[in-house]
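S.K.: Structure provided below as structure tokens; questions to follow.
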Amino acid sequence: MIILGLTGGIGSGKSLVASYFNRFVKAVVFDADNVVNNLYNFDNNVIELVKSYFPTSVNNGVVDKNDLKHYFLLYDDLWIKFQSELHSIVWKIQKDFILSNSRRITKYVVLDVPLLIEANYHNCCDFVIHVKANSILQRQRLLKRGMSRHEFELISRLQLSDNDRKRLSDFTIRTGLSKNFVVSQVKDIVFQIDSRVGCKI
């Protein structure tokens, strides 16, 4: 089993690339954003964790994500401590996900994790793929999500530069031109990896 990690700036198209690995290479994808969403929605321990740090963000046992975002945007020591605990939970889920797939006939696992390198999630990867888009396209994608300028700037500050990401990655995929172009890059990377490890799809 080969573990691929995706790194890239916010709005670079990591989830799109992950979906293409799933669709065209039959890779299984660990979507950290989706995992965190489910934890906020359904995990009583995480809901209590949120409440212990940010009481106003939990109402009648439900996490108010808009209120919680307010604390994220402050990004103070309290948030950093909370985030560290949450990351530990996500790390364990990711570890279990990888272990579970290692027991099946799974060839590729793709980790779609924000701050993959910054939070050291890349340490369990066999290869890291840098996903890159031009800055104008990134901003357009984020505006469609309704992201504020302040949120964009904060997240950008937390992330490595494109140069650092590229330096720490094995491959680069450029998004934003066409679906076929992205798919061809995905398939080319798989071909290169298979050549390195001496196996065939």
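Residue positions begin at 1 at the first shown residue.
Glycine is treated like the rest: Cβ placed from N, Cα and C.
Relevant sequence annotations retrieved from Swiss-Prot are reproduced here:
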BINDING   GLY11, SER12, GLY13, LYS14, SER15, LEU16  ATP binding site
DOMAIN    3-201  domain 'DPCK'
S.K.: Using a Cβ-Cβ cut-off under 8 angstroms and a sequence gap of six or more, which residues of the chain neighbour LEU16 (ATP binding site)?
M.R.: THR175, VAL182
S.K.: So around the ATP site, GLY11, SER12, GLY13, LYS14, SER15, LEU16 aside, which residues have their CB within 8 A of the centroid of those CB atoms?
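M.R.: Apart from GLY11, SER12, GLY13, LYS14, SER15, LEU16, the close residues are GLY8, VAL17, VAL131, ALA133, ARG141, THR175.
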S.K.: Using DSSP, would you call GLY11 (ATP binding site) helix, strand or coil?
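M.R.: For GLY11 (ATP binding site) - judged by DSSP and reduced to three states - the answer is coil.
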S.K.: Roughly where does the domain 'DPCK' (3-201) sit in mean pLDDT, to the nearest integer?
M.R.: 92
S.K.: What's the number of neighbouring CB atoms sitting within 10 A of the CB on LYS14 (ATP binding site)?
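M.R.: The Cβ of LYS14 (ATP binding site) has 28 Cβ neighbours within 10 Å.
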